[in-house]
Amino acid sequence: MAFLHQSLKRSVQRSRIPVNTALKFCTSNTVPRQCYPHNSSLVPSSAGARRLYHDMSVNTSTRTSDSSSVERTSENDSTEAYSEIYDIVPDFGIYSVILPPEPIVFGVEHIKPLRSVPSHIAHPAYAAQVLGGSVGGGTASERTNATATGGLTSLLPRPKIALGTLAETRIRAAANLAKRTREYGGSLVKPGVTTNEIDKAVHEFVVTHGAYPSPLGYKGFPKSCCTSVNNIIAHGIPDDRPLEDGDIVNIDVTVYLDGYHGDTSQTFPVGNVDALGWSLIAATNLALKEGISACGLNQPYKGIGHAIHHLLRRLNRSCAIDHSQEVDEARSFCVSPQFTGHGIGTEFHTPPWIIHDLNEEPGTMQLGDCFTIEPCIIQGTKPTCWTFPDGWTASTMDCARSAQVEHMVLITEKGVEVLTE
């Protein structure tokens, strides 16, 4: 589960600015949104997703007559209105844009009830306070520290896993269960399945294996995993929208087993995904691989972001228009600077913070360091995002698709070991 780095947040103010012209086709209704890194603004919303159909290579009449590919938002849609949109929006592919459900409700208090976890299963401190159950795992001082900090991870020390001890055995077991949970969740992905159904199945899988689904109750999160579809960058809340043919969905799972968290995610295709969607998934997998390759004993943490940055730069140059320096917006990629990897162990999110772009984050990797690398790669060159009224769901500003993949790694005498592979 990606961490929204406090130092990367910007001040959020409520203001009224014009809705982006490129989004007019979604709906004429507007709701306040929280926006990072810019100020809040008014954005389109709808009762469900809208079909986004971009094809710059064909004329407008062809687009508007293709009823199988275009879902109109109203009977009054005109060829002229669509033509204006196609002129200014990059061709990011064919997919549904995910927007806040209506009627608009702020927060997540209405998402009830929370799924139950048997009391005999050890709960992390934050969840025990919300759901009850036992607080288990780690030393007494670690549990006291978790409660005392109240989730303020900046106050927590950088975790270390004592290699060759029970701590290493347990962190490996948690990571392995997270991997199996991710694979199980991915096996359920197909058109027609809702993310709520996936969440329910993931919850039952984790509990059956004697673990607690870490997202449940974390800072108020109401579900047992995150499911981020299409333009959702991270922290998507599972709901009753059926997955559609052509969607991409990231399933982010974390388990709490014997006092240690295991965290991993993957972006899965739903049915027949278009070529640009597959390219995005491939670029995201390459970004994770490149980030891991920068890891090793005494290697700088900032090297991870530098490696990913230079990979994306090479990919973007390879698809430049006519081999010039001009970037092809629709076929280029950028990385979200807001969401970072993080240290993990007896606590869910701790230092070090793994920034996936150019940065000067201090520190080098030492024996026993355990952390996640989880780049969110976005279509185009605009990595800005905004949050839905629920306070969690983060969408790209221009409704471009985003994909994410995440592994836990451990620094050992041999270098770096991927625990969730």
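Any Cβ shown, glycine's included, is placed from N, Cα and C.
Bear in mind that TrEMBL entries carry predicted annotations, made automatically and left uncurated.
Cross-referencing H306, H342 against the divalent metal cation 2 binding annotation in TrEMBL, which names D263, E374, E406, picks out H342. For the divalent metal cation 1 site, TrEMBL lists D263, E406; matching the candidates D252, D274, D390 against that entry yields D252. On a Cα basis, H342 (divalent metal cation 2 binding site) lies 6 Å away from H349 (substrate binding site). Considering only the binding-site residues D252, H342, E406, the residue whose Cα is spatially closest to the Cα of H235 (substrate binding site) is D252. E406 (divalent metal cation 1 binding site) sits 11 Å from H342 (divalent metal cation 2 binding site), taking the C-alpha atoms as the reference points. DSSP classifies D252 (divalent metal cation 1 binding site) as strand under the three-state reduction.
Counting every protein chain shown, the Cβ of D263 (divalent metal cation 1 binding site) has 30 other Cβ atoms within 10 Å. Reported as a whole number, the C-alpha separation between D252 (divalent metal cation 1 binding site) and E374 (divalent metal cation 2 binding site) equals 10 Å.
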